[in-house]
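Asks: When I checked TrEMBL for this same protein, it listed these features:
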- Lys120: active site, proton donor (ACT_SITE)
- 1-22: region 'Disordered' (REGION)
- Asp160: site 'Important for catalysis' (SITE)
Amino acid sequence: MAQTTSESVDETETNETTESALTTARRQLKRAATHVDVDSGVVERLKHPTKVQRVSVPLKRDDGELEVLTGFRAQHDDVRGPYKGGLRYHPEVNADECIGLSMWMTWKCAVMDIPFGGGKGGIAVDPKSLSDEEKERLTRRFAEELRDVVGPKQDVPAPDMGTDAQTMAWFMDAYSMQRGETTPGVVTGKPPVIGGSYGREEAPGRSVAIITREAIEYYDWGIEDTTVAVQGYGSVGANAARALDEWGADVVAVSDVDGAIYDPNGLDTKDVMGHEERPGMVSGYDAPETRSNEELLELDVDVLVPAAVGNVLTADNADDVQANLVVEGANGPTTFAADTIFEERGIPVVPDILANAGGVTVSYFEWLQDINRRQWSLDRVHDELESEMLQAWNAVRNEVENRDVTWRDAAYIVALTRVATAKETRGLWP
Ligand code: NAD
């Protein structure tokens, strides 16, 4: 069963502990719109998703019991190309969260100038409660429920929290079986053997490192003299830390969910294993000093990269952050209130929609490879990612310089201008 939901959100809400992704996303749109000369009707349209699918997904558990789970796919805007964004399996997945996250995807694709719009979806389920067989059955049925609204030219999902390359392989197989043709371009983040791209896994972390390197150069610090603390040593954090370490920065602190390790002389990031690589290896590492995750955020370093979870930099700790620059590796690590404090304190924050956009950029490369049935080498992926990141960085930097705005406002100005201009040029149908 699919139906369209409506949403009601007050974007003037100020209690940041209850701020939903949709509230934040609408607030950011409203703020960006004040800087850009676009039709107010276009901004009004962008406050709303085009469509939200809500589907019931029956799952036969391994013990034979039947459970009906709820899945969503929010499609925010496709004026520049197919909807694009992850599918997450998490107990708290709901329509509003998917809408808010799909809006972020619209801006992320636009700031990168890749021809995709914004989508996000998922199933309200605890992925740890699923056996591999249950996860496969659930994913195949979810693919079937979404079959009419996804496709290489319509909406292209990707992995997100609780889903991975194998989940995408099942989704792609289910879709392909029903279509009667192998259709790798229906999802990205697949294993390379069935049309996935080399370099997709490390791309978000790599882009965080590229943007951090450019920001260090912009502020004229010199990467060899820069100290970095990274919260979260998973896919994004570890790849960002290792690239920055390789390029000469001193990564002095990293953390996983259990805590942080700190070496003022710099850690050997290749020696520190991520939680996924070896559980407990971050917090259990033989480092000179340890810290809590909260303390890591307040270390006296040049660059802070929050790359674990959202909402970690808040009104409660923003005054205590000592870093001179924040580069967002995670999605939404800085609340609206913390952002204001950082602005007042003159601490630049380079936003997620630019910094971690390497993931969706290499997803775009994957989609191109699938359509052309031609795989790129890892070197080519790295070269093209570098070039796309630099173009996006330059576009955002120009706005920072020309308008004297924050990095976040500048990124939103770039993105909103591109989306709004496309909407104005195409006009309203009918
Ligand atoms: P991951 O699961 O690979 O790693 C997360 C890391 O954070 C792990 O080291 C984990 O131990 C740690 N962690 C978890 N909860 C924590 C907490 N409460 N406090 C401190 N540390 C905690 O996840 P990831 O793929 O690296 O994603 C990290 C963030 O980056 C998320 O916000 C995600 O949405 C965002 N992101 C991921 C991608 C991607 O493709 N992987 C792309 C863009 C953005």
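In case you wondered, yes, glycine gets a Cβ from its N, Cα and C as well.
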Asks: Only counting partners 6 or more residues apart, tell me which same-chain residues put their Cβ under 8 Å from the Cβ of Lys120 (active site, proton donor).
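Replies: Listed in sequence order: Arg73, Ala74, His76, Gly85, Gly86, Leu87, Arg88, Glu97, Cys98, Ile99, Leu101, Ser102, Trp104, Met105, Asp160.
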Asks: Which of the three DSSP-derived classes (helix, strand, coil) applies to Lys120 (active site, proton donor)?
Replies: strand
Asks: Around the C-beta of Asp160 (site 'Important for catalysis'), how many further C-beta atoms are within 10 angstroms, looking at every protein chain?
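Replies: Around Asp160 (site 'Important for catalysis'), other Cβ atoms within 10 Å: 22.
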